[in-house]
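Scroll down for the structure; my scribbles are underneath it.
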Amino acid sequence: MNSTLFSKVENHSIHYNASENSPLLAFENDDCHLPLAVIFTLALAYGAVIILGVSGNLALIIIILKQKEMRNVTNILIVNLSFSDLLVAVMCLPFTFVYTLMDHWVFGETMCKLNPFVQCVSITVSIFSLVLIAVERHQLIINPRGWRPNNRHAYIGITVIWVLAVASSLPFVIYQILTDEPFQNVSLAAFKDKYVCFDKFPSDSHRLSYTTLLLVLQYFGPLCFIFICYFKIYIRLKRRNNMMDKIRDSKYRSSETKRINIMLLSIVVAFAVCWLPLTIFNTVFDWNHQIIATCNHNLLFLLCHLTAMISTCVNPIFYGFLNKNFQRDLQFFFNFCDFRSRDDDYETIAMSTMHTDVSKTSLKQASPVAFKKISMNDNEKV
C-alpha cells in the first residue's frame with residue numbers, strides 16, 4: 001500500500017481542490033476523490049472495528065488471566081492471539097486509515113516504521129498461535145496417550161513465535177522510509193513539507209522475494225497445516241460419535257461435540273477469510289500494480305484492509321457466542337464484580353489439558369473416560 005502512493009504521485013499531475021476544504025489529494029480527475037458518504041461510512045466501520053477489537057480482546061485477556069482455572073494451554077495461546085490483535089487495533093488501524101485517505105504521512109518517522117512492522121508481527125503471531133492450538137488439539141485427540149503440551153510448552157512456543165515474528169518483520173524497519181520525494185516537483189503550497197511513508201527495498205526482486213516469503217510463511221503454509229490437523233480431528237471425532245451412539249446420553253455428547261467442532265474451525269476459517277482479500281490485493285499489486293486503476297486503489301485497499309482488520313474482533317466474538325462461561329464472566333467484567341470461582345455455574349466440560357480434552361478455545365469435549373470422572377465430580381470446572 002505504501003509503495004503504491006509513490007508510483008501514483010510520480011505518474012499523475014496533482015492539484016488541490018480547495019473548494020472542498022479537504023486535505024485529501026486529488027489527481028487529474030475529480031473522480032479520484034472518495035465521496036464524503038463513502039469516507040464517513042468507512043470511518044464508522046473502522047471505528048467500530050477499533051472499539052470492538054480493543055474492548056473485546058482486552059476483556060478476553062483480563063477474564064482469562066483473572067481465572068486461574070482457565071490458564072491452560074489453549075487459553076494461554078488465545079491470550080497471546082488476543083494481545084497481538086489488540087496491538088494491531090491500537091497501533092495500526094487508525095494510522096493506516098488516515099494515511100490512505102490523506103495520501104501523506106503526518107505521524108512521524110517512528111510510526112512510519114512501526115506501523116507496518118507491528119502489523120507484520122501481529123499476523124505472524126496470530127497465525128502461528130493458531131498453529132500451536134491446532135498441534136495441541138491434534139495431540140489431545142489423535143494421540144491422547146502420547147506427548148501432550150503443557151503450560152510450560154505453551155510459554156516456550158509463544159516466545160519462539162514472537163522471536164520469529166520480529167525477525168521476519170525487521171525488513172519493514174530497515175527499508176521503510178519517510179520522504180518528501182514524491183512532492184519535490186509539485187509547486188503548490190498545499191503540498192509543501194508533505195511526506196509519504198513507503199518501503200524502499202534495494203530492488204524490485206528483493207521486495208518480491210520478501211513479500212512472496214511472507215505470503216507462504218504467514219498465510220498459505222500455516223493454513224494448510226492447520227486444516228490438515230483439523231481434518232484429522234474431524235475424522236476422529238466422527239468415529240467417536242459413532243461409538244457414542246451406543247452409550248447413554250449420547251445425544252448430549254453429540255450436541256456438545258457439534259458445538260466444539262464449530263469452535264475448532266471458526267477462528268481459523270474467519271482468519272483465513274478475513275485476510276484473503278488483502279492477501280490477493282497485495283499479491284496482485286506486488287507483481288503487476290498497473291492492473292489496479294489509480295483512482296480505485298485507495299478505496300479497494302481500504303475495503304480489503306478493513307476486512308482483514310475484522311479478524312481482530314474474531315476471538316471475542318466466537319469466544320463469547322460459543323462459550324457460556326465467557327458470557328457469564330463478561331457480565332461480571334462489565335459489572336465490575338470480582339472474578340470468583342463459581343463451580344455451580346460452570347458447564348461440566350473438561351477444559352484443562354490434564355483431562356484429555358477435545359476442543360479449540362474455551363470449550364473442550366472430554367473423552368468417554370473423562371465424562372465418567374466428571375459425572376463423579378459435579379464441581380469439575382471449565
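Count begins at 1; order follows the chain as displayed.
Any Cβ shown, glycine's included, is placed from N, Cα and C.
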Disulphide pairing with Cys197 per Swiss-Prot - partner from Cys112, Cys120, Cys229, Cys274: Cys112
Candidate annotated in Swiss-Prot as N-linked glycosylation site, out of Asn17, Asn72: Asn17
Position flagged as phosphoserine [Swiss-Prot], chosen from Ser13, Ser19, Ser362, Ser375: Ser375
Position flagged as N-linked glycosylation site [Swiss-Prot], chosen from Asn11, Asn185: Asn11
Per Swiss-Prot, Ile235 shares membrane side with Ile292: no
Surrounding residues of the transmembrane segment (34-54) on its own chain - C-beta under 8 Å, 6+ positions past either end: 24, 85-86, 88-90, 93-94, 97, 101, 298-299, 302, 306, 309-310, 312-313, 316-317
CB contact flag for the transmembrane segment (211-231) and the transmembrane segment (299-319), at least three pairs under 8 A: no
The topological domain 'Extracellular' (97-115) [mean pLDDT, rounded to integer]: 90
Remote residues contacting the transmembrane segment (299-319) - C-beta distance under 8 A, at least 6 residues beyond either end: 1, 4, 34, 38, 42, 45-46, 49, 52-53, 56-57, 59-60, 78, 81-82, 85-86, 88-89, 92-93, 96-97, 100-101, 126, 263, 266-267, 270-271, 274-275, 277-278, 280-281, 292, 326, 361-362
Cβ-Cβ under 8 Å with the transmembrane segment (116-136): same-chain residues at least 6 beyond its ends: 2, 73-74, 77-78, 80-81, 84-85, 87-88, 91-92, 96, 148-149, 154, 157-158, 161-162, 164-166, 168-170, 172-173, 176, 199, 214, 217-219, 222-223, 225-226, 229-230, 267-268, 271, 275, 311, 353, 360-361
